[in-house]
Amino acid sequence: MTPILRLLLLSSLLSCWKQSVVGANSWWSLALNPVQRPEMFIIGAQPLCSQLTGLSPGQRKLCQLYQDHMVHIGEGAKTGIKECQHQFKHRRWNCSTVDNNSVFGRVMQIGSREAAFTYAISSAGVVNAISRACREGELSTCGCSRTPRPKDLPRDWLWGGCGDNVEYGYRFAKEFVDAREREKNFPKGSEEQARSLMNLQNNEAGRRAVYKLADVACKCHGVSGSCSLKTCWLQLADFRKVGEYIKEKYDSAASMRLNKRNKLEQVNQRFNPPTGEDLVYLDPSPDYCLYNETTGSLGTHGRQCNKTSEGMDGCELMCCGRGYDQFKTVQVERCHCKFQWCCFVKCKKCTEIVDQFVCK
């Protein structure tokens, strides 16, 4: 084989591998393309699962078995993406989506902290959505939580309200989300195997976050609100709390590498090894300052920044030292609100000219 042909073949193989990694979690596209409920399909129409793009063979089989789950998986993915964008709105990488089935584009081909967070928050979103759908009677294979009564619950409090079924949500999310990674058979010791192990670890960390933060909720019963009796159940934490928890894990994520036993090990052995609740990554993050088609970085040109902040949202860091443009904009807000009898609030509209700063 000539050197030119060898180079072309290598380039082609590298391109294919990158495309497979970019689309590695393309089930995320369920968040961007609304999933129709199974009952909306008429006789003779194509089955739901054949119309969904981005599913791996294993995920497609699960879709066929649990068609009523798919709309909630899409909702969970959407919840995860929105939370990702909230947590990173003041960072150079702000969890932007692109208009294709990869959802996040080439930025996910790097085994970075950002990829770790994205896998974790998406997996958490599925647990959250499926657990709640069980409680609301939306799914045929689950119902209210069957979690045993907590030992520290006062004896005179009743345990029996319809709780979020976190156990089922965790199990189903593990089966569905991890299916793509587990059905692959990468060569031992390869970069692809290391990345797959990284993805599985971060998927699990996201699921555990939802499970760990779920807590007991109670409702009072009694004459005139005397609360002489309480009924309690298991309830999911607000997903914002889950996002904040996983963001903390992002900040303390462990740098890993593949060892000779084909397991991930921590690069710095002086630190405690990560637990199943921790995020892990393989590659250093790009600086995300400039647009880069290869890494998927969209850059920070045109992003708003805070002139007075010294944090990541400050103009110096957000704009990567390139400077910023200042312009004035008119903001309209409700003001001078008064309660009117009965029963509404009447407000005036106030305009204010404010300075805004945008990265060059």
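Placed from the backbone N, Cα and C atoms, the Cβ positions cover glycine too.
Since this is a predicted model, take the numbers as computed values, not measurements.
Among the features that Swiss-Prot reports, signal peptide is placed at 1-16.
Long-range Cβ proximity for Cys95 (disulfide bond), meaning a same-chain Cβ under 8 A and a gap of 6 or more residues, is found for Ile81, Cys84, Gln85, Gln87, Phe88, Phe104, Glu114, Thr118. The disulfide bond annotation in Swiss-Prot covers Cys84-Cys95 (among others).
Taken from Swiss-Prot, the feature N-linked glycosylation site covers Asn94 (among others). The C-beta environment of Asn94 (N-linked glycosylation site), restricted to residues of the same chain at least 6 apart in sequence and closer than 8 Å, consists of Gln85, Phe88, Arg303.
Per Swiss-Prot, N-linked glycosylation site is recorded for Asn100 (among others).
Sequence-distant neighbours of Cys134 (disulfide bond) (same chain, six or more apart, CB under 8 Å from its CB) are Cys142, Gly143, Cys144, Ser145, Asp164, Asn165, Tyr168, Gly169, listed in sequence order. Under the heading disulfide bond, Swiss-Prot lists Cys134-Cys142 (among others).
In the three-state DSSP scheme, Cys144 (disulfide bond) is classed as coil. Per Swiss-Prot, the feature disulfide bond maps to Cys144-Cys162 (among others).
Marked as disulfide bond by Swiss-Prot: Cys218-Cys232 (among others). Classification of Cys218 (disulfide bond) by DSSP places it within a strand. Cβ environment of Cys218 (disulfide bond): Trp157, Lys230, Thr231, Cys232, Trp233 lie under 8 Å away, each six or more residues apart in the same chain.
Around Cys227 (disulfide bond), a 10 Å sphere centred on its CB holds 12 further CB atoms from the protein chains shown. Feature annotation from Swiss-Prot assigns disulfide bond to Cys220-Cys227 (among others); the stated evidence is similarity to another entry.
Marked as O-palmitoleoyl serine by Swiss-Prot on the basis of similarity to another entry: Ser224.
Note on Cys289 (disulfide bond): other Cβ atoms within 10 Å of its Cβ, all shown chains, come to 18. Under the heading disulfide bond, Swiss-Prot lists Cys289-Cys320 (among others).
Per Swiss-Prot, N-linked glycosylation site is recorded for Asn292 (among others), and the stated evidence type is sequence analysis. According to its DSSP assignment, Asn292 (N-linked glycosylation site) is in a strand. If you draw a 10 Å sphere around the CB of Asn292 (N-linked glycosylation site), it holds 15 other CB atoms from the protein chains shown.
Here Swiss-Prot flags Cys305-Cys315 (among others) as disulfide bond. Taking all protein chains in view, 20 other C-beta atoms sit within 10 angstroms of the C-beta of Cys305 (disulfide bond).
Summarising the annotation, Swiss-Prot assigns N-linked glycosylation site to Asn306 (among others) and lists sequence analysis as the type of evidence. Residue environment of Asn306 (N-linked glycosylation site) contains 16 other Cβ atoms, counted within 10 Å of its Cβ in all protein chains.
DSSP gives Cys359 (disulfide bond) a strand state. Take the CB of Cys359 (disulfide bond) and look out to 10 A: across all protein chains shown you find 20 other CB atoms. For Cys319-Cys359 (among others), the entry in Swiss-Prot reads disulfide bond.
DSSP assigns Cys335 (disulfide bond) to a strand in the three-state reduction. On its own chain, Cys335 (disulfide bond) has Cys347, Lys348, Lys349, Cys350 as residues at least 6 apart in sequence with a Cβ closer than 8 Å to its own Cβ. The feature disulfide bond is assigned by Swiss-Prot to Cys335-Cys350 (among others).
Taking the Cβ of Cys337 (disulfide bond) as centre and 10 Å as the limit, one finds 10 other Cβ atoms among all the protein chains shown. Taken from Swiss-Prot, the feature disulfide bond applies to Cys337-Cys347 (among others).
Look at the disulfide-bonded residues Cys84, Cys343, Cys347 and count other Cβ atoms within 10 Å of each Cβ; Cys343 has the fewest. Cys319 (disulfide bond) sits 52 Å from Cys220 (disulfide bond), taking the CA atoms of both as reference points.
Comparing Cβ neighbour counts within 10 Å across the disulfide-bonded residues Cys142, Cys144, Cys315, Cys319, Cys350, the minimum falls on Cys350.
For Cys162 (disulfide bond), the spatially nearest entry among the disulfide-bonded residues Cys220, Cys289, Cys320, Cys343 is Cys220, judged by CA separation. Under the DSSP three-state reduction, Cys347 (disulfide bond) is assigned to strand.
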